[in-house]
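S.K.: Here it is: the structure, laid out below.
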Amino acid sequence: MELWVPQTQGRTTGPSRDANRRLQSGHYRPRPHPQYSGDNYHQWQDTHKNSKPQQDPRDDHQQPHYVPRSGEWSQPVSGADYLKGSYPSHPYSRSGYEDPYQSYHTPTPRDEYAYGNYYYHGHPQLPQGERVARQGSPYIWHEDHRDQRHFSEHHWEKHNSTFEANSDTQFQFTSKNPYNDNPASAFGLEQPGEFFPESGAQKQKPSLTSKSNLLQQHESGLSSSSYELSQYMTEAPEQYEPMVSATWRPIQADDTSATVPKAPMRFYVPHVSVSFGPGGQLICVSPNSPADGQTALVEVHSMEVILNDFEDQEEMRAFPGPLIREDIHKVDIMTFCQKKAAQCLKSETPGSRDSALLWQLLVLLCRQNGSMVGSDIAELLMQDCKKLEKYKRQPPVANLINLTDEDWPVLSSGTRNLLTGEIPLNVDTPAQIVEKFTNLLYYGRKKEALEWAMKNHLWGHALFLASKMDPRTYNWVMSGFTTTLALNDPLQTLFQLMSGRIPQAATCCGDKQWGDWRPHLAVILSNQAGDAELYQRAIVSMGDTLAGKGLVEASHFCYLMAHVPFGHYTVKTDHLALVGSNHSQEFLKFATIEAIQRTEIFEYCQMLGRPKSFIPSFQVYKLLYASRLADYGLASQALHYCEAIGAAVLSEGGSSHPVLLAELIKLAEKLKLSDPLVLESRRGDRVLEPDWLVQLRRKHKELEQTRTGDLRDPDLTPSDIYGARGTTDTPYRDLYGQQNYSEDSEYSSALWPTSEQTSLTNPTPQQPFPLQRDTYSERDGPVHMGTPVPLYSVPATHLTVISGSSSGSGVAVTGAPGGRVGEEMLQKHPALGENTVPQEAVQDPDGLAVISSPQTPLAPRDRSFSEDSAISAKEDEEGTSDGADKPPHPDASQKEKLRDGKNTKSSGFGWFSWFRSKPASSVSTSGDEDSVDSSDSEESPRASPPHHASLGLSPTPPLSSPSLPGASTFPRGTGGNSLQGSSNSSGMAEGVGIGGFSGPQGVSSEFYSQPGALPPPPTLQGAVPLYNPSQVPQLPTASSLNRPNRLAQRRYPSQPC
């Protein structure tokens, strides 16, 4: 048997064929079955040219079906192999994108699938030389995705799959392709473009030695169903057009050069594109193609109409919000609350009775303009408690007098005593009982009289008698009286509360044994007298007990009666965040529409009595409610809510949250066109925003500038600001005190400007200056105390030493621009009893006393340069050497040496060494240092000697002043004025700076006397400031008149007033 041997490469140059496809050499050349057609096709050679059979790699599964000739035998294809060979093995991939040079195998026709003729039967393929490509076919992919091939030879096939011999040299097979059926092929006519030379794409096809389809399919694991699905996920298929194929040429210049990979489309199936508009619209775009002549269809639907039947939308439409005091009448609110209460009573759920009580409370508050009267609330509580059972008294457990187990006699007892056998006497009448009580008192037996009165329930006589005796006896009789009452009796609750104790009902209510909680709360609210805090704690305890047992509405009723403020959802320790909703559950179940509406009505009731009494933490839930209104298509009502929230935020002042402002502005920006007034006020393309939205933008901008520190004007000094205000308070004191951002360190640090944000230049680590108290002369008035730290740096008043002759010298005081500096502010000797600062003065060889600058205290959490740090001492030396380039001052250099000497002598205990060690006396070069060290032996502060210079500096701020977080260094202020002090007998001048800040020593005064001159560079570059306890205020200003502690006075000298 001779087999058809496939040609390894190229196209067989066989004899020419006629139009009826018969071989002129007399041999039949059968055409392969469509099942075995594909990119890896077979070309069969004549047996005369190659007598050696060549094994086809796919002979095991793919054998050609043709009419056998006599003398030839071919093995039939088994059913399993027939089905296995029906699927290609190449996995589906994005054509032209992942591998532009990968050849994609043409899928086998679906007439060979297991489902038979259910699917569309694909194109049978011809040998390589006889195929006509079709452009845009979704079933045939080649190297170039646009170079699609279609076949015109499919028109030979008839309606059965067997071959029909038309003559001795021709045969036909059936085609089931509805796209390519053409009667021209039935008559043997040539198709357009049937014969054409080989293109470059065909020459680059893989040879027969490549991996077969079956093997690739087996390796990829692609099933038949997934492969079928991949055929529909091709890029947009186009209908076959005969006019296009007739004019198409096999080789196109554009197609051969276009090898750039293209990303596949995101959607393979036409779909509808939808979007939600800000005004409650739903925009739908139909999948039409305007390029094909189809008009673009855009549909606009109203969400209010679409969601008309939803329960949430009906609930929000029925609510008359937003509740503004000037727009909504309270009768409408009362009617709404009464309907809600009636619905809760009809539902008969476990918490429906308590929920109805909340709605009835809102009706009462709305009627009384938000005021709560205890008797009215008690009447509301007792409306449903009239049919309750009577409280049963409990019998006494023991005799309170002799503490025995003997029970008190019952008044109606007249039977025989089983223990003694005695028959008791007849029951005494009330008159006889009182007479016996009186007879006992005749003989002075008060204890027996009390026993008799308590046994016979003469509690009035017993309590009055006990009240005139000692307090222990009175408490004993009171306890005996209260124990006769039932534990769940409201009288028991009241008596325990009047006795100064939290009643037992406050911690046990809510159980079935205790019965209803309402009478207990009613008796507490109706009899509030004495300690109001005790009553409030009792009501809050009752609310906590009810909340612990799952009665959320009942607990919130108690919280509202106790005036508990509203909390936040994230803080689980808060008592309530929304009225009637438990904030310990998930947010969607917590922030319900009904809970938000109840809370808004409660806020409205409060505003009836106090117009500006908004609930700050509730504004974010109103914004959430407005967003839900917009989602359900109620855009105009949502815009009104934004306006109401904006009014509440603007009335809060500086305590507004910037995130809430930003989200409110975003929502209002989307909904502003829903206001007809805004549409009418349009001027061309510009839409005028409402005034409240403009104010919100301005307020949000101010908050952002305050956070970044840009609000400060660099041209204004603190003295100018304070002079205009007439006070020494900082303008941002309320902003920092009211905003609850203590936990947000990032925001807190942003409130304070850094050195880069300030306009002043050259910060120095030695000059961290919180705002000091201004020092005024006696003529200007008393000293202003306790000025807090500002949000910006204060230009310092610098003290410089002016070198002069040996007979006289002066100290220059440089003040801030606009500051008041006078000669009367130069204090030579501070008064006794003031917080004076003993200054360290170093005697110059020329007779000039150098005054060291006092270290101004830092606020807590700030770190400065510790005087006992070796790093600080080393860097001070470097700073001194750097300062030598400036105009030299021997006194300043000597002062730095003095500081270095102190630093080298310090111990290794850190800042605690201030308490443990004393500075060495060897480094003291002046008598003033000795006088400071010897202050332990002094009983009171004394004035400095006349030959030493003493400065009246500003005292430290009180401990209650706000701290300065996140700041370690501050810039120095440039001085604008220089003042020469008058010389005294010793040739020294004394001066005080306005701001109470001393400037750097050893620097020429020309840097501070000229406003335009820049101060010298900082002495320390890149140093890490350390914590210095000497710069922390130790004592408040109020204790300045008291004698300070010796150790504190010696180590932490206080500042003078």
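Using N, Cα and C of the backbone, Cβ positions are placed for all residues, glycine too.
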S.K.: Which one of Ser257, Ser809, Ser872 gets the tag phosphoserine in Swiss-Prot?
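M.R.: Ser872, according to Swiss-Prot.
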S.K.: For which of Ser226, Ser371, Ser681, Ser866 does Swiss-Prot record the feature phosphoserine?
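M.R.: In Swiss-Prot, Ser866 carries the phosphoserine label; others show none in the record.
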S.K.: Please identify the range among 149-184, 185-220 that Swiss-Prot labels region 'Disordered'.
M.R.: 185-220
S.K.: Which value does the mean pLDDT take for the region 'Central conserved domain (CCD)' (263-708) in this predicted structure?
M.R.: 87
